[in-house]
């Protein structure tokens with residue numbers, strides 16, 4: 001028997017929402033065939049759908065972690081190029097989640113392309129995935145005003161996910177969507193927040209030349225009542241409490257994980273490499289983001305506290321610009337300022353502010369979601385370019401104080417572990433040999449280092465792919481890094497991202513094989529809407545001049 005569901009051809013292509021009126025007559029077909037014998041007979045039940053896509057038209061005290069490098073002794077520092085190759089545990093299970101489209105919920109607050117999404121979830125369940133991940137956008141949920149929350153679309157999604165027997169990871173997305181790698185739609189911060197930013201531009205991160213970045217509220221004002229009487233930390237906390245109350249019946253059951261956004265792209269970092277308007281391009285070193293008045297006041301206070309007033313006047317003058325390489329700058333070159341007493345002071349302050357920011361948000365999240373049964377996680381960026389250099393410049397500008405002589409990921413792992421938070425790391429799919437030699441990349445070395453840091457801190461580790469990949473080689477690389485006999489394998493993996501290409505024949509076969517391998521070879525389950533079957537195969541079909549895709553269990 002086969003079940004074929006038709007929907008809009010642009011069902012997971014955010015860019016197509018701009019032309020929804022023109023494409024509404026197109027159909028997307030998923031045919032699920034369930035064999036009864038080696039020569040199955042296929043009969044089809046078709047449900048035709050015509051849906052309309054919604055168009056997305058005080059003085060600063062010294063930081064908590066500041067100048068406290070003795071906590072992380074030199075015994076934990078090592079040359080990052082050296083790392084053990086982990087073994088595999090063939091019987092271990094690593095559940096796989098799939099990220100949903102960025103515009104799963106529309107600007108109006110309703111669920112986008114609901115019937116097509118329903119068919120997609122059926123296919124994913126049949127493929128054996130554990131669940132899906134969705135961004136709960138601050139800019140959508142609280143857009144109508146302070147403390148005015150609209151969870152309608154997310155409620156519809158949670159109920160749909162539950163019907164299919166899947167699990168859900170929800171990201172508390174306090175950042176803007178748009179202007180970074182993979183951003184295919186635009187969801188700004190809430191309008192009332194943007195209004196406050198227009199009155200006080202120092203609310204957002206600022207680089208040396210004065211360029212403002214509206215992706216995320218500057219951590220420099222975390223504890224100041226700058227958002228209509230509330231501090232940013234209070235605003236994030238109120239948002240999470242509203243989510244908890246709205247979904248209390250699903251937390252720990254359907255909703256198994258809350259990923260807490262702590263910066264641009266939801267990652268714990270500074271927006272040091274923004275792609276908007278060509279500001280940055282790979283593999284530039286990026287720039288420090290410490291020039292809003294709140295960050296400058298904090299830097300000055302830290303310098304005064306150690307009797308070095310002149311160090312607090314500004315950030316490094318010789319750190320170059322977004323597009324440069326380390327050796328082109330006085331700060332990041334091999335024997336540069338980064339390794340002087342001043343450089344160490346600045347980098348310690350800069351990275352400690354980021355750790356303090358994460359610590360405050362996660363402390364709030366842990367208190368809010370305790371006893372709900374849902375895990376907490378925090379995302380750390382996989383900044384692998386210039387990793388083979390002494391200074392690790394691109395990591396430093398992002399706030400990760402990781403150099404040839406200092407492990408910057410152990411403090412991060414300790415901070416996350418303190419709150420029982422899973423460290424979610426990216427670039428698990430990348431190989432060193434795939435990167436340009438001039439960029440001194442080592443994603444494999446970086447992943448090994450982070451795995452060892454998580455183990456040292458006794459912090460649970462999960463992973464993601466950094467870029468959209470569908471090839472078998474990328475899946476095999478994730479599989480190779482997901483397990484370990486050393487006790488630092490992955491607890492889960494989230495695949496970026498569900499879209500039209502994922503359901504192409506070869507891509508889908510690769511995903512299904514990958515999921516089965518990550519599951520330790522166990523037999524996959526089926527949605528309650530399905531009857532029987534095994535592995536899922538997808539290929540394109542054309543019928544009555546309509547472009548369609550067929551997913552058939554064979």
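Just so you know, glycine gets a Cβ as well, placed from its N, Cα and C.
Marked as compositional bias 'Polar residues' by TrEMBL: 1-11.
Per TrEMBL, the feature region 'Disordered' maps to 1-22.
What TrEMBL records for 135, 175, 183, 379, 384, 426, 465, 466, 497 is substrate binding site.
A 10 Å cutoff on Cβ-Cβ distances gives residue 267 (active site, proton donor) a total of 24 other Cβ atoms nearby, all chains included. Annotation source TrEMBL lists active site, proton donor at 267.
Take the CB of residue 464 (active site, proton acceptor) and look out to 10 A: across all protein chains shown you find 23 other CB atoms. Per TrEMBL, active site, proton acceptor is recorded for 464.
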From recorded positions 135, 267, 384, 497, the one whose Cα lies nearest residue 464 (active site, proton acceptor): 497
Residues satisfying Cβ distance under 8 Å from residue 384 (substrate binding site), sequence separation of at least 6: 427, 430, 435, 441, 442, 443, 445, 446
Neighbour tally for residue 497 (substrate binding site), based on other Cβ positions within 10 Å of its Cβ: 19
